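**Student:** One structure follows; several queries about it will come next.
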Amino acid sequence: ADLFESQGGRGVPPLHSRRTLLEACCYVVRTGCSWRMLPRDFPHWDNVYKTFRRWSAQGKFEQMHDRLRAQWREREERADSPSAAILDSQSTRSSPQGGDSGYDAGKKVKGRKRSLIVDTLGLLLAVSISAASVQDRDAADDAVAYSKEKYPSLSTLFVDSAYAGKWAQRTHQLHAIDVQVIRGPNNRRTGQWHSEQGDLFSVEPVQTGFVVMPKRWVVERTHAWNERARRLIMHHDRLFAVSEAWVWLAEARILARRLTT
């Protein structure tokens, strides 16, 4: 509760409680409604919007999430600072008023790219928003640097093949993080040596259907958690920082429900 209280006792007393304003922000992130369509049970939308922008600029939602994440890791008997993390990106559409966007040719999505770094429990460590046209490895640089600065104990990062090669080497040199690439079952594999007497090269059968990839499924599950918040299905905000604040709030809301049930 002290996180959202105003500093100092001077000034005009607040018209609405901080809890009511926070509940209004949670309503928007869960339902995906526009600010002007807030129910009358909440304060006026302009008041809620200005409070949300102020809290997001101050990093209040990230701080709230970090407190809840520490409580959950303590309940799971984990260390406060993680040593391993998983990185992945997700391209989502953006509305016409959604600001800067791009086209992801691989996923055929016009919008923005959301790069997430989560711990082995699937809890958020860092997030960065960029145009969907930016390559995955370039879009993740800010998130990796921020997560290493925030959690110096981070030493291992699990990624997919999009982050292999020079990016993995550069990340290891700059941040002392061991990047482990988890490849798909049919990724860049055309065959294997069979025997000296028979066919020297035999093609492996192509594996079809869903395949659970080690470690990578954790961050994919986090993407699915975020999609329950309808505000995160499509980008409606012009600023990348505002989109990141929505992610922190959605993740904090999930942890709050876990800790109270």
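Here the Cβ of each residue, glycine as well, is placed from N, Cα and C on the backbone.
Feature annotation from TrEMBL assigns domain 'Insertion element IS402-like' to 5-65. Look at TrEMBL and you will find 74-107 tagged as region 'Disordered'. If you look up TrEMBL, you'll see 82-250 marked as domain 'Transposase IS4-like'. What TrEMBL records for 88-98 is compositional bias 'Polar residues'.
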**Student:** Under DSSP, the domain 'Insertion element IS402-like' (5-65) has how many residues in helix, strand and coil?
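**Tutor:** Across the domain 'Insertion element IS402-like' (5-65), the residues distribute as 36 helix, 0 strand, 25 coil.
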**Student:** So what's the average pLDDT for the domain 'Transposase IS4-like' (82-250)?
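**Tutor:** Averaged over the domain 'Transposase IS4-like' (82-250), the predicted model reaches a pLDDT of 87.
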**Student:** Could you tell me how many residues in the compositional bias 'Polar residues' (88-98) are helical, how many are strand and how many are coil under DSSP?
**Tutor:** 0 helix, 7 strand, 4 coil
